[in-house]
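Read the structure below first, then the notes.
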Amino acid sequence: MAAIRKKLVIVGDGACGKTCLLIVFSKDQFPDVYVPTVFENYVADIEVDGKQVELALWDTAGQEDYDRLRPLSYPDTDVILMCFSIDSPDSLENIPEKWTPEVRHFCPNVPIILVGNKRDLRSDPQTVRELAKMKQEPVKPEQGRAIAEQIGAFAYLECSAKTKDGIREVFEKATQAALQQKKKKKSKCMIL
């Protein structure tokens with residue numbers, strides 16, 4: 001039986017951990033150096049609810065310089081991973097301010113999984129100290145859940161690509177969301 005194909009697009013601020021999340025899931029290795037993404041594609045196979053799914057993973061650039069290029073990734077998307085970094089409250093603020101309006105414009109009705117990346121840094125003493133200098137603190141789980149509810153996300157999950165904690169759950173949930181979407185999307189327009 002052929003695998004079901006689904007397209008996943010990942011969005012979020014620059015340096016919030018999008019590429020690491022995709023690489024750890026698809027290649028099971030954590031990249032040592034940060035290189036800003038312009039546009040990358042990966043493919044990974046996952047089994048969810050007894051179904052074999054081939055996930056096309058579309059990485060995007062979060063930097064504002066790419067705001068006009070990024071929409072080229074959106075056509076035929078089945079699920080969106082919308083990411084922020086737990087060590088960057090500003091990146092969470094940009095979820096309802098920037099990312100949700102953009103995604104809802106180009107991908108109306110596509111399920112969104114809100115993902116808090118870099119969960120390991122929530123309790124990292126150096127991260128906590130650095131944020132305290134700016135009168136900030138790491139994002140709390142309830143803050144993430146509140147934003148997920150506000151934007152109508154399918155789910156809210158947290159993970160750490162560095163420790164591999166929660167990675168599989170993110171992609172299982174995203175695949176479930178993409179598979180559920182299929183049932184609703186059957187009616188296509190016909191011109192006679």
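Cβ atoms are placed via backbone N, Cα and C, with glycine included.
So that you can see what the record holds, here are the features copied from Swiss-Prot:
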- 12-19, 59-63, 117-120: GTP binding site (BINDING)
- Cys189: S-geranylgeranyl cysteine (LIPID)
- Cys189: cysteine methyl ester (MOD_RES)
- 34-42: motif 'Effector region' (MOTIF)
Going by DSSP, give the three-state secondary structure for Thr60 (GTP binding site).
strand
Report, as a single number, how many Cβ atoms besides its own are within 10 Å of the Cβ of Gln63 (GTP binding site).
14
Tell me the Cβ contacts of Arg119 (GTP binding site) under 8 Å, same chain only and six or more apart in sequence, or just say none.
Ile86, Glu158, Cys159, Ser160, Thr163, Asp165, Gly166
